[in-house]
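Taken from TrEMBL, the feature compositional bias 'Polar residues' applies to 674-684. The disulfide bond feature in TrEMBL is assigned to Cys210-Cys219. Here TrEMBL flags 1-26, 661-684 as region 'Disordered'. The feature transmembrane segment is assigned by TrEMBL to 132-153, 173-198, 294-327, 347-364, 376-401, 435-456, 477-503, 509-530, 550-572, 584-609.
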Amino acid sequence: GSAPGGPGARCQPGPGRGHGVGAPHSQEVACPGPGVLVSPLPNFSHGGAVSSWAGPGGWGHPFANGTCPLSLQNGAVPGEATKRDENVKRGNWTNQIEFVLTSVGYAVGLGNVWRFPYLCYRNGGGAFMFPYFIMLVFCGIPLFFMELSFGQFASQGCLGVWRISPMFKGVGYGMMVVSTYIGIYYNVVICLAFYYFFSSMTRVLPWTYCTNPWNTPDCTGVLDATNGSAAPLLNLTQLLNHTLKRTSPSEEYWRAPCLRELRPRLCSPGCEPLAGCVGLPLCARRGVCLSIQVVYFTATFPYVVLTILFVRGITLEGAVTGIMYYLTPQWDKILDAKVWGDAASQIFYSLGCAWGGLITMASYNKFHNNCYRDSIIISITNCATSVYAGFVIFSILGFMAQHLGVDVSQVADHGPGLAFVAYPEALTLLPISPLWSVLFFFMLILLGLGTQFCLLETLVTAIVDEVGNDWIIRRKTFVTLGMAMVGFLLGIPLTTQAGIYWLLLMDNYAASFSLVIISCIMCISIMYIYGHQNYFKDIEMMLGFPPPVFFQICWRFFSPTIIFFILVFTVIQYRPIAYNTYVYPPWAISIGFLMALSSVLCIPLYAVYKLCRVEGDTLLQRLKNATKPSQDWGPALAEHRAGRYAPTPHLEVQLLNPEKPRSEDVALPGQGSNGSAHSQDSRL
C-alpha cells in the first residue's frame, strides 16, 4: 500500500512489500524527512528489525528513498562494517561464539579438574560414568536450557527476570548471595594457583626434596635427595596420609611456606584479588564483562594445556594402568545410592545452575538466538572436559602408582589437597618438572578466572538492571570496580594463617544444599506458578519452536524430583566438616549453616515483604497479585512484544485544529498512562 507523505501522517504497522514471510512483531519508527511513520521490515538473519521509511511515493524497500538515523537501526545494515547491538541500551554479545566460549569458561572450573576424578575412583571408576550421564540427560541439560531461555527471553539479570512472578524475586537475591560467597573464596584459590605458578619457575621444584629450611624430620620424599632416583620401598600412605607422622615435601610446602610463612605477604592483598579489582572493570566497558580477546584466550587455552599434559601423560610408564582403573567399572557399586547421589551433585554443581551466572550471560543474547542449541553444546562440552581431565590426571597417577609400587586408588585426594599436594607431588616425577608445573597451574588460573569473571558480572548486572537508569548504565565500569574492591576486602580474612579453615568452611556450606533449594524453587515457580503452558509459548515465540517434549517432561516431573532427591541425600549423608585431624567446633559449624541459610532465607523474607506491599483485601487476593507476572514482564524490546505481549491498540483521535497542542492526544500503543496500563492488565 501507500501512505501520504504529509507532516504528521502515520502508517499502520504491517509487513513490507517483497517479504513473503511476515514477522509477528513490529513497531512504529519515526524517521526524518517528510514525517512518515512506517513499520520496520524484519531482518530474518538475526531476528531483529531494519527500519525503513517511505518518501512521498509511499511504501519503499529498505533504504530505497532514504535511511533512518543509525540509532534507530538494529542488526546489520548496509554501510556498517559490524553488526550493531540489538539492545542498544543494554548491549549484546558481539557474536555467538563469544557467548558460547564465555559460558564454557563459566561452567568449566576448578572442580572439573580435582572433584570429578576423585568421585570416579571413589565410586568404582567406570561404574560412576553410567549414573553421571543419566543425571546429565535428565537433570543437567534441562536445567541448563531453562536458565538460558529464562534470561534470554527477558533480557534481564537474575533479579529482573523475576517479573515473571514478583513474589519469588528472593530467588534472585539468593543467587546473588551464593555468587558473592563463591567469588570471595574462589579469589583466594586462584591466588594460591598464582603463588604455585611463580614458585614453579625454578630449575628444581621447591617441593621435590626434604632439604629445605621449612622441612621437618618427618618429611620423606618420593625422590631420593642424593641421586634423584625413586625410593622404591616408601609407603605412599606415609607420604600423603595426613593422619600419620610421615609427611611429603609437597604437603609440608603447602602447610609451611604457602599457608603460614609466605601467604600473609604474597597471597593476601595482592596476586589475583588486586588484579581482579583493576582488570575486570576494564572488561566491562561495553556492558558485557568480557572482551572478545579475553574470552578466546581464557576459554581455549586450558584445553591446550590439557592436551599437552595428556600427550605427555600417556607416554609415561604405567599410564595405561591408571587409565584402565579410570575406565574399568566396578559393577558392585552401581546399585549403591551414594554413587547416584554423587553423580547428581557433580552434574548440578559443575554446570553452575542456580548461581545466577547462566541467566546473566544469556540475558545479553539476541532475542531469537537458538539457546536450545547452545545449552546442548555447553553442557556436553563441560562434561566432556571433566572426562578428558580424568584421562590426563589418571595417566599421571598411574605413572606415580607404578613408580611407587602401590595401587592407583591410594594416590589421589580431593579438594585443595588434590590440587596443591598430590598433583605437585606427581609433577615432580615428570621429566622437566618445572615446565609441566608451570603449565598445570597456569591452566588452573585460567579455569578459575573464567568462572570468576562471570561471578562478578552476575552481581554487577543484577545491580545495574535493578536500578535501570541511564546514570548507572554509563557508570557500570565504576560499579564493577566497587564490587571487585568489596570482594577483595571480604577475602582478606581468608588469607590469614587460619584462612584455609575459613575457605573450606565456605566451600562446604555457602554453596551446598542452598543451591539445590534455590534451583528447586525456581523450577517449581516457573512450571507451576507461572504455568508450563505459558512458558512453553514464550519459548516458541522466542525460538520459533516449542521446547522438545523430552524437556517439557523433565521440567515438570523429572528435574524437580531429581533435585529433591539430591537435597534429601545431602541431608542424610551430612557429616561435620573436618580438615586433616582438626574437627570444626560447633560454633564454626553454626557459622557455616548461617552462611547457607543466608541465601535460602532471601526467598521467604522477600515473599513476606511482597505480600505486605501488594494490593488486595484478603490474603488470597494478595497472593494472586504477588505471583502473577508484572505488567513489564516479557521481551525487553517493543519490536519483540508480539501476541499476548503486544500493546493493546487504542483509538486515535485526529484534532480538527492543528494549531492547538496535541497534549490531549491518546497515547501511542505501549506509551499509555497508568490508567491505560491498568486497563490493559485487566484485559489480559
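Here the Cβ of each residue, glycine as well, is placed from N, Cα and C on the backbone.
Keep in mind that TrEMBL annotations are predicted by a computer and have not been checked by a curator.
In this chain, the transmembrane segment (477-503) lies apart from the transmembrane segment (550-572): fewer than three C-beta pairs between them fall below 8 angstroms, excluding pairs fewer than 6 positions apart.
Contact counts against the transmembrane segment (173-198), taken as Cβ pairs under 8 Å, peak for 435-456 among the stretches 132-153, 294-327, 435-456. At the 8 Å Cβ cutoff, the transmembrane segment (509-530) and the transmembrane segment (435-456) share fewer than 3 close pairs (sequence separation 6 or more) and do not count as touching. Touching of the transmembrane segment (294-327) and the transmembrane segment (435-456) is concluded from the presence of at least three CB pairs under 8 A, sequence neighbours closer than 6 excluded. Neighbour count (other Cβ atoms within 10 Å of the Cβ, all protein chains): 21 for Cys219 (disulfide bond). All chains included, 19 other C-beta atoms sit within 10 angstroms of the C-beta of Cys210 (disulfide bond). Contact counts against the transmembrane segment (347-364), taken as Cβ pairs under 8 Å, peak for 132-153 among the stretches 132-153, 376-401, 584-609.
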